[in-house]
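Novice: The following feature annotations were taken from Swiss-Prot:
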BINDING   Thr68, Asp151, Glu213, Lys243, Asp247  substrate binding site
BINDING   214-216, Asn248, 277-282, Glu300, Asn335, 356-358, Asn403  NAD(+) binding site
Amino acid sequence: MTTTEQRLTVESRNGIDYKVADLSLAEFGRKEIRLAEHEMPGLMALRREYAEVAPLKGARISGSLHMTVQTAVLIETLVSLGAEVRWASCNIFSTQDHAAAAVVVGPHGTPEEPKGTPVFAWKGETLEEYWWAAEQMLTWPGEPANMILDDGGDATMLVLRGAQFEKAGVVPPAEDDDSAEYKVFLNLLRERFETDKTKWTKIAESVKGVTEETTTGVLRLYQFEAAGELPFPAINVNDSVTKSKFDNKYGTRHSLIDGINRGTDVLIGGKKVLICGYGDVGKGCAESLAGQGARVQVTEIDPINALQALMDGFDVVTVEQAIGSADIVITSTGNKDIITLDHMKAMKDKAILGNIGHFDNEIDMAALERSGATRINIKPQVDEWTFDDGHSIVVLSEGRLLNLGNATGHPSFVMSNSFSNQVIAQIELWTKNDEYDNAVYRLAKHLDEKVARIHVEALGGTLTKLTKEQAEYINVDVEGPYKPEHYRY
């Protein structure tokens with residue numbers, strides 16, 4: 001038995017495997033799930049539409065996505081459409097423990113007799129625990145998983161890298177400059193290779209497709225595709241308009257402020273704020289902070305995004321130009337080493353540093369931890385780091401997603417858009433698998449419009465309907481799609 005397995009064991013009750021913080025939190029979680037269902041019209045509409053068809057019957061979906069109340073509604077939607085599901089979070093801090101408990105117990109179970117879905121997630125996992133949970137999510141009794149629903153690409157990477165190393169006959173040793181997380185990842189694969197030399201290959205051969213939620217995970221998928229290492233089709237959910245233009249912007253506009261307020265409770269008005277990156281997420285960050293009266297500056301590598309920022313009223317600067325005067329610094333790029341140790345040392349005393357990109361390497365936390373700076377934990381996911389010269393900075397969520405670590409993430413309504421796309425993408429790959437090659441696809445425009453239409457109606461909007469003559473004049477169908485694929489919205 002390995003070190004990890006000695007400390008971490010799967011619990012099982014009434015035939016349901018799980019590892020969560022506390023099943024007694026299930027009633028609280030169920031109350032919040034019921035409220036969330038009211039705010040997630042897209043998912044509820046899909047339940048009604050497909051209730052009698054069960055299009056996901058036979059699907060064994062391994063899901064790696066933030067285990068929140070909103071995700072609970074997604075999971076139970078997948079189950080209502082016929083799927084079997086196993087779940088883990090895609091972030092060590094993002095799990096809402098009451099939501100995880102409620103999903104395990106299910107709407108008709110009790111903590112003593114759960115009747116829900118296997119979940120392996122709790123808030124505040126170590127890296128070792130995180131990857132252990134990911135393996136449990138992908139490890140099914142009997143037949144292996146045949147679908148993956150991913151956020152950030154960790155589940156997909158675990159399967160594909162595991163299969164790749166099995167084919168090579170060896171798991172490579174960690175390099176000195178590898179991140180602490182990658183070393184844990186390799187160690188898990190090495191331990192598993194000692195006991196089962198074909199585990200990941202079997203899963204990779206069984207999986208019919210993956211649907212990916214976020215920018216970072218999509219990048220990984222395109223890298224696998226370019227290298228000829230993608231053994232199944234993938235749908236890029238992130239670039240559906242009703243995801244990227246809503247979740248990424250409007251969701252961030254709501255949840256960034258929530259995370260900063262809960263983490264620090266500082267007045268934002270009047271503060272100098274530096275936003276690194278002006279993509280859809282960065283736009284939401286800048287808009288929310290400017291709305292609070294902050295003086296916002298933006299960094300960008302892309303002249304088009306930089307011009308957008310300037311036209312929106314934000315100065316475009318480099319990190320080096322602004323880091324010494326910023327009161328709050330937020331990274332939102334999807335890239336690495338955006339804020340280095342030298343940048344952190346140059347920050348003002350008690351300046352706040354946070355990240356809202358998917359991974360923790362936008363801020364070089366590894367270098368900060370090695371620097372000799374003293375860390376004092378103020379409260380969960382809020383740390384003060386003091387340098388040798390006596391000045392300090394406040395780091396939120398250890399450089400990971402602050403909106404989920406310090407708060408509860410995006411609100412239900414905007415996640416209904418994103419998760420409706422996920423459900424539709426899962427149905428698409430499961431029911432029409434032979435129509436897809438081993439490549440990365442986006443959802444068809446008419447499906448994007450379907451998701452938007454549901455939510456327009458839920459907000460009380462009334463769409464104008466084209467006449468037949470008007471539709472012919474602009475060369476579209478009366479029922480859509482209304483825009484070409486290259487339209488940017």
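Heads up, the Cβ atoms here are built off N, Cα and C, so glycines get one too.
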Novice: Distance between Lys243 (substrate binding site) and Gly277 (NAD(+) binding site) at the Cα atoms, whole Å?
Specialist: 18
Novice: Find the one among the binding-site residues Gly277, Gly279, Val281, Glu300, His358 whose C-alpha lies closest to that of Glu213 (substrate binding site).
Specialist: His358
Novice: Taking the Cβ of each of the binding-site residues and counting other Cβ atoms inside 10 Å, which one has the highest number: Gly277, Gly279?
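Specialist: Of the binding-site residues Gly277, Gly279, the highest Cβ count within 10 Å belongs to Gly277.
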Novice: Between Thr214 (NAD(+) binding site) and Thr68 (substrate binding site), how many Å separate their Cα atoms?
Specialist: 16
Novice: Return the residue, from the listed binding-site residues Lys243, His358, with the maximum count of other C-beta atoms within 10 angstroms of its C-beta.
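Specialist: Output for this query is Lys243.
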Novice: At the Cα level, what's the spacing in Å between Thr216 (NAD(+) binding site) and Asp151 (substrate binding site), rounded?
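Specialist: One finds 8 Å between the Cα atoms of these residues.
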Novice: For Asp247 (substrate binding site), which residues of its chain lie six or more apart in sequence with Cβ-Cβ distance below 8 Å?
Specialist: His410, Val414, Met415, Asn417, Ser418
Novice: Cα of Glu300 (NAD(+) binding site) to Cα of Asp151 (substrate binding site): how many Å, rounded?
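Specialist: A Cα-Cα distance of 25 Å.
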Novice: Can you see whether DSSP assigns Thr216 (NAD(+) binding site) to helix, strand or coil?
Specialist: helix
